[in-house]
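Database features (TrEMBL):
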- 1-28: domain 'EF-hand' (DOMAIN)
- 123-146: transmembrane segment (TRANSMEM)
- 207-225: transmembrane segment (TRANSMEM)
- 231-250: transmembrane segment (TRANSMEM)
- 235: active site, nucleophile (ACT_SITE)
- 262-284: transmembrane segment (TRANSMEM)
- 296-315: transmembrane segment (TRANSMEM)
- 300: active site (ACT_SITE)
- 327-353: transmembrane segment (TRANSMEM)
């Protein structure tokens, strides 16, 4: 094929020859792939098509140059919208629903619908939910959640405590503990309803990065802004995912075709506000173990900041290499600077400020 349509071995095929190929073999192709190929031909102003882009499409790979060609074109869709297709099975309808919930462009939705194979499944969000929230608390501690009045609340190796901040694992493992069943329940609901569809679209690597970055930013924010308080719960990671998703919907409002998007946003914001309000109230409520205060709410704010910076960039650039995004590097640099600042703060500020910290549990 390459020698026939590219005799000079330039790596390109003329648009005319490319169209003749599509006319000759179009009936053999998936209609959505044919549609994207036609859009690629329509958007090209140089009169030639990169052969590697054609290979990438047929092998379900999207090169950056291919995506740019599509985005710069007129994106005229030759067939009906994905939402109008009938006769789909239940799994197909689920995949289509996820596409419309998370992606603002029709061509991206169709690409995702065609290429998604559920291999691998959204394992990260499901695993972190089952293991972190249920398996450890239920099997090891013989209870699903520890109330802040429980005698084992502070006496475990998981939560972040200012006196034990040198134990670096606590900046991550605090997500395994929750201050009350309502705290656990809201985080589980938000994490599964938002996190699983996002992972199905963007993959475990990107979503786990946003989640873990939110978790680390949450505990470090507490260590900087609320230095005497412990912290528990996965709100840093959950709020990073949810705030990134909501910000992406707002930024692409006209393109998002999810049903009841205004109602969904309102429900998510109400749940987040209720949980955050509860955390603020609990922080200033008299502690069951004075002089150690109740858990801090600053982890929520750290997660939100990660979500509306790093998270938005990741969700906005579906199937596009983040290495090519200037804004991604700017926000990543800001995040790294904050982490380094917080590390030095934890090393020096506590002794310099001569704070009276609560005794270790």
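Glycine too: its Cβ is placed from the backbone N, Cα and C atoms.
Within 10 Å of the C-beta of residue 300 (active site) there are 26 other C-beta atoms, taking all protein chains into account.
Model confidence over the domain 'EF-hand' (1-28) is summarised by a mean pLDDT of 69.
Reported as a whole number, the C-alpha separation between residue 300 (active site) and residue 235 (active site, nucleophile) equals 6 Å. For the transmembrane segment (262-284), same-chain residues at least 6 beyond its ends with a Cβ under 8 Å from one of its own Cβ atoms are 148, 179, 182-183, 186-187, 189-190, 194, 226, 229, 235, 239, 242, 246, 249, 293-297, 300. When Cβ-Cβ distances below 8 Å are used as the criterion, the transmembrane segment (327-353) is approached by residues 162, 165, 213, 216-217, 220-221, 223-224, 227, 306, 309-310, 313-314, 317 of the same chain, each at least six residues removed from its ends. Spatially close to residue 235 (active site, nucleophile) yet at least six residues away along the chain are 183, 187, 218, 275, 276, 279, 299, 300, 303, judged by Cβ distances under 8 angstroms.
Away from its own ends, the transmembrane segment (296-315) comes close to residues 102, 198, 202, 206, 209-210, 213-215, 217-222, 225-226, 229-231, 233, 235-245, 247-248, 251, 275-276, 279-280, 282-283, 322, 325, 327-328, 331-332, 334-335 of its chain (Cβ-Cβ under 8 Å, at least six residues beyond either end).
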